[in-house]
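Some features that TrEMBL has for this protein:
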- 24-46: transmembrane segment (TRANSMEM)
- 67-85: transmembrane segment (TRANSMEM)
- 119-141: transmembrane segment (TRANSMEM)
- 153-178: transmembrane segment (TRANSMEM)
- 190-211: transmembrane segment (TRANSMEM)
- 244-267: transmembrane segment (TRANSMEM)
- 287-311: transmembrane segment (TRANSMEM)
- 371-392: region 'Disordered' (REGION)
Amino acid sequence: MASPRLETYCCPNRDAATQLVMNFQPKVFCGVCIGSASISLLLTILQLLPKKGQSPRKMPKASSSSTILLLISICDILGGLGMIFRSSVWLGFPGFIANISVVNGTDVWPSTFCVGSAMWIQLLYSAGFWWLFCYAVDSYLVVRRSAGLSTIVLYHMMTWGLAVMLCVEGIALLYYPSLSSCENGLEHAIPHYITTYAPLLLVLVANPILFRRTVSAVASLLKGRQGIYTENERRLGTEIQIRFFKIMLVFVICWSSNIINETLLFYLEMQPDINEMPLKNIRSAALITWIIMGVLNPMQGFLFTLAFYGWTGWRVDLKWRKREIPWESMSSSTVGENAYPSPVNYQSNIHDSKKISTTDSQQTDEAISMLSEGNTSSDERLTRSSPIYQGW
């Protein structure tokens, strides 16, 4: 599970609210994290592996959006591995973990493991948040024909740069001036929580706006392709809208418990004594959402693959196949056509105008295919409705 409480627990003088949730059935909680992360990890890898009987998706050119979707899944896989490793050590070596609570202990390895594992989990999921934001930006730019594979370099710089900068800054402020004196006041903790939840809140606020603008742009693009808005175009636009809705639904389901839990714990921290009877219901709600976080946070990887690609099946194809490189066939056909140049005639202007229209239609189909990638029915319907398919 990904929570800034993991880093806060590394402080020997941690606050009472953090102590409450981290000491609540730790063996059960670690077991829940291991089970949920393991299931999500296996199913995510199964979803991404090629399947028997499925022909590879043919894209007009490589898509930056498809690369971003893969990177989101990779971040979830690596974050899940960090959860499994951290929870396994907590269960297997309880004496090793107990040394974290020693204020003036001489063994630095327990604290090093605590900080390192927490930073690993936080960094990978934070990078996943930034990649999800980049996916929303890229989807909008693709429809506006302002994106391509060249922009993936900018996405890498923004995602990894911001994720590392915010993570390091939050940890430095939390543990300043030393690990033994951290959490002496909220001035240490609040900047750490802000840097942790900033990308999460950005996705919750900005992505729905970008997705809505993208859907509107897709509708205009489909209408302008042939001058009409047929039932096929309407269905395709609806499926892209549903896909964006599924992505946001998975994100809200997996991370809303974190926001609720953090709000409850901050409220408890403001109280003089969190063990008072009037606060019993709030303590119970905080503990319940804490366990829910251990289940839902690791499941994000698998649920996202369902939102991206749908269920891809169980039949895995591990045989290596040589795929035809698109530009080889294009170059060979071009050589055959240009070997004997045809004389110029009065029909050349007509052919040029048709080529321009065909190129524009190809770019439109290409942009829509990037957004509907992974949906076979949408790709087939798009191909049948395109002017190229109709022999235009």
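Glycine residues also receive a Cβ, built from the backbone N, Cα and C atoms like all the rest.
Predicted automatically and left uncurated, TrEMBL annotations should be read as such.
Quick caveat, the model's predicted, so the values are computed rather than measured.
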Worksheet, complete the sentence: Best-packed against the transmembrane segment (24-46), counting Cβ pairs under 8 Å over 67-85, 119-141, 153-178, 190-211, 287-311, is stretch 287-311
Discussion item. With Cβ-Cβ distances below 8 Å as the criterion, list the same-chain residues six or more beyond the ends of the transmembrane segment (153-178) that contact it, or say none.
Written reply: 4, 7-8, 10-11, 64, 68, 115, 119, 122-123, 126-127, 130-131, 134, 138, 188-189, 191-196, 198-199
Worksheet item: Which of 67-85, 119-141, 190-211 has the most Cβ pairs closer than 8 Å to the transmembrane segment (287-311)?
Response: 67-85
Practice prompt. Could you pull out which residues elsewhere in the chain have a CB under 8 Å from any CB of the transmembrane segment (119-141), counting only those six or more residues past its ends?
Written response: 2, 4, 6-7, 64-65, 68-69, 71-72, 75-76, 78-79, 82-83, 86, 147, 151, 155, 158-160, 162-164, 166-167, 171, 196, 199-200, 202-203, 206-207, 210-211, 213-214, 217, 244, 247, 251, 297, 300, 370-371
Item to complete: Determine which residues of the chain contact the transmembrane segment (67-85) at the Cβ level, with the cut-off under 8 Å and only residues 6 or more beyond its ends counted.
Response: 1-2, 33-34, 37-38, 40-41, 44-45, 48, 117, 120-121, 124-125, 127-128, 131-132, 134-135, 138, 149, 152, 155, 297-298, 300-301, 304-305, 308, 373-374
